[in-house]
Amino acid sequence: MKRIAVLTSGGDAPGMNAAIRAVVRQAISEGMEVFGIYDGYAGMVAGEIHPLDAASVGDIISRGGTFLHSARYPEFAQLEGQLKGIEQLKKHGIEGVVVIGGDGSYHGAMRLTEHGFPAIGLPGTIDNDIVGTDFTIGFDTAVTTAMDAIDKIRDTSSSHRRTFVIEVMGRNAGDIALWAGIATGADEIIIPEAGFKMEDIVASIKAGYECGKKHNIIVLAEGVMSAAEFGQKLKEAGDTSDLRVTELGHIQRGGSPTARDRVLASRMGAHAVKLLKEGIGGVAVGIRNEKMVENPILGTAEEGALFSLTAEGKIVVNNPHKADIELSSLNKSLS
């Protein structure tokens, strides 16, 4: 394989630029030509395919977002869209593609492979909801950003003796809420994978204040409900505390990636190129126990929930390849 391309698709994630950089420089070191596909699958169909060299990716490892830009393009799920994209790949002599994104992006990569263009998926999403990898590119940065914001909110929460409901991103996965909640010592962590009773949370808040507690921090995953709705239900259940709600929003998707995300993205990008050089496609790169691994894309993109709650109130990890997490210290809302 002499000529490959790289694209980013779906929601952006810190570390995508580091992955692109690794793909380009590893490919050059292997004697391959590299092209960048701008604006994801939409750009592929439109022919926004341009050559990249080592200088093209200079000084981008520390930048958030993706310099190739990204876009959601549901039309690529249809055969007509796929054939238009493939026509452009053939026009530019592309023989393989590295796709950086989430589960939707992976489906596109699988379609390319089925049409004879080996594609490798790299898990680029802050949600950490891709099966077959302990961590996704961008997750560590998003958790760190959420942690920093929650720490700041804790200061004002304590000053005014308030209860704060803080909504974090994650789509249908509770990973960001879980990790950021543990890291900040949240009083309650509410995630889609675990049930909760509003009256229990109200009782916990009340008991805390009666014992002299100055404030309460509730970290809420967006996949459960909005912070505004949760706050309203909390009041309806009898909460009488001075309540405020905050949605951290897209700040979690931006910013300079952490060292862990930069290294993870660099390792994954380089590994993807090595796979393409061997003619391998239809797989997603992951990390398990700090080692690079490959998994079939289709199964990776279509697995179900990562966590579930047992009848005894314990969280179990459905995906055996997710990183082990110490769950015993979580609050009563998870038990």
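Note that Cβ sites are derived from N, Cα and C of the backbone, with glycine treated the same way.
Taken straight from Swiss-Prot:
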- Asp127: active site, proton acceptor (ACT_SITE)
- Gly11, Arg72, Tyr73, Gly102, Asp103, Gly104, Ser105: ATP binding site (BINDING)
- Arg21, Ala22, Val23, Val24, Arg25, Arg154, Gly185, Ala186, Asp187, Lys213, Lys214, His215: ADP binding site (BINDING)
- Asp103: Mg(2+) binding site (BINDING)
- Thr125, Ile126, Asp127, Arg162, Met169, Gly170, Arg171, Glu222, Arg244, His250, Ile251, Gln252, Arg253: substrate binding site (BINDING)
For Arg253 (substrate binding site) and Tyr73 (ATP binding site), what Cα-Cα distance in Å is obtained after rounding to a whole number?
19
Write down the Cα-Cα distance for Thr125 (substrate binding site) and Tyr73 (ATP binding site), rounded and given in Å.
16
Return the maximum Cα to Cα distance in Å (whole number) over the record's ATP-binding residues: Gly11, Arg72, Tyr73, Gly102, Asp103, Gly104, Ser105.
13
What does DSSP assign Arg21 (ADP binding site), in three states?
helix
Taking Cα atoms as reference points, which of the binding-site residues Arg21, Arg25, Gly185, Arg244 is nearest to Ser105 (ATP binding site)?
Arg21
Counting only residues 6+ apart in the same chain, whose Cβ is under 8 Å from the Cβ of Arg171 (substrate binding site)?
Asp127, Asp129, Glu222, Gly223
Binding-site residues compared (Gly11, Gly102, Gly104, Gly185) - highest count of Cβ atoms within 10 Å:
Gly102
